[in-house]
Amino acid sequence: MTESMLHLFEYEFFRNAVWAALLASVTCGIVGSYIVARRMVFISGGITHASFGGIGIAYYLGLNPVTGAAVFSVLSALGIEYVSGKTNVREDSAIGILWSLGMALGIIFVFMTPGYAPNLMSYLFGSILTVGKTDLRLMLGLSAIIALFFIRFYHIILFIAFDEEYARAHRVSVSLFKYILISLVALTIVMNIRIVGIILVISFLTIPQSTANLFTKNLRLMMIYSVIIGIIGSLSGIYTSYYLDIPSGATIIFAFIIIFGIAKAIQAARTSAGIRRQIG
């Protein structure tokens, strides 16, 4: 079994998939922990689905779909942040509008594009086994930027995530950092669409983090645990999907859910044991 697993590394596409899983685990582990800490899951879902508008426009114009998704996602993210902070429009309403706008534009422009869009399904449902060297370079660059940014400004991000008023009292430019962070969320979503797709990318940003949150409330530890859980779930999903010949993105998410279920059972067992000790 071990020999057959190692044999897969002879293939370039499989090595690329493993590297993509590792880099995705880093970006999603860090950014996803911020999302969970700030309770921004719905916002992230809105940005994710809005990115389809950029993909559709890029297909129609003959551009790289990732570029279109990145531009549209960042603009949508900044729009959500601006509307929720500067206008009287409710945040959930703004998210719903941009979510619907992105999906509608994507469907219209894909329909208007002459011929067949061959890679469209990989953006909707993910295809980690088709990730190329260019994708890996972009993911590596984004991983480095995110890691360095969160290391350099960790305490400011911590204040913004849990106590914005405290951050403002210490003269932190909260609005500027929130715009930067929401842009990093958008770019993280776009770069990981190729792995699990638009439909499931939000799961990559929330399930490992929710699992980590069962064992720690410390943001730094949550990020570290999330990265580790992401790596374990991603690699398990890749191997399983390859051997069973089933979609890799969905298998990775299923692995995350299994890990979450095991972690929840462990937490429940610990809680039950603690109660019995107190009674005894």
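Just so it is clear, glycine is given a Cβ too, placed from its N, Cα and C backbone atoms.
Features as listed in TrEMBL:
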TRANSMEM  17-37  transmembrane segment
TRANSMEM  57-77  transmembrane segment
TRANSMEM  97-117  transmembrane segment
TRANSMEM  138-160  transmembrane segment
TRANSMEM  180-207  transmembrane segment
TRANSMEM  219-240  transmembrane segment
TRANSMEM  246-266  transmembrane segment
| said: Is it true that the transmembrane segment (57-77) and the transmembrane segment (17-37) have 3 or more CB pairs under 8 Å, sequence gap of 6 or more? | reply: no
| note | Relative to the transmembrane segment (17-37), the stretch among 97-117, 138-160, 180-207, 219-240, 246-266 with the most Cβ pairs under 8 Å is 219-240
| message | Can you tell me which parts of the same chain pack against the transmembrane segment (219-240), counting only residues 6+ beyond its ends and a CB-CB cutoff under 8 A? | response | 5, 8, 14, 17-18, 21-22, 24-26, 28-30, 32-34, 36-37, 128-129, 150, 154, 157-158, 161-162, 195, 204, 207-209, 211-213, 246, 248, 251-256, 259
| request: Report, as numbers and ranges, which residues of the same chain sit near the transmembrane segment (246-266): CB under 8 Å and 6 or more residues beyond its ends. | output: 17, 21, 125-129, 195-197, 200, 203-204, 207-208, 210-211, 214-215, 229-230, 232-234, 236-238, 240
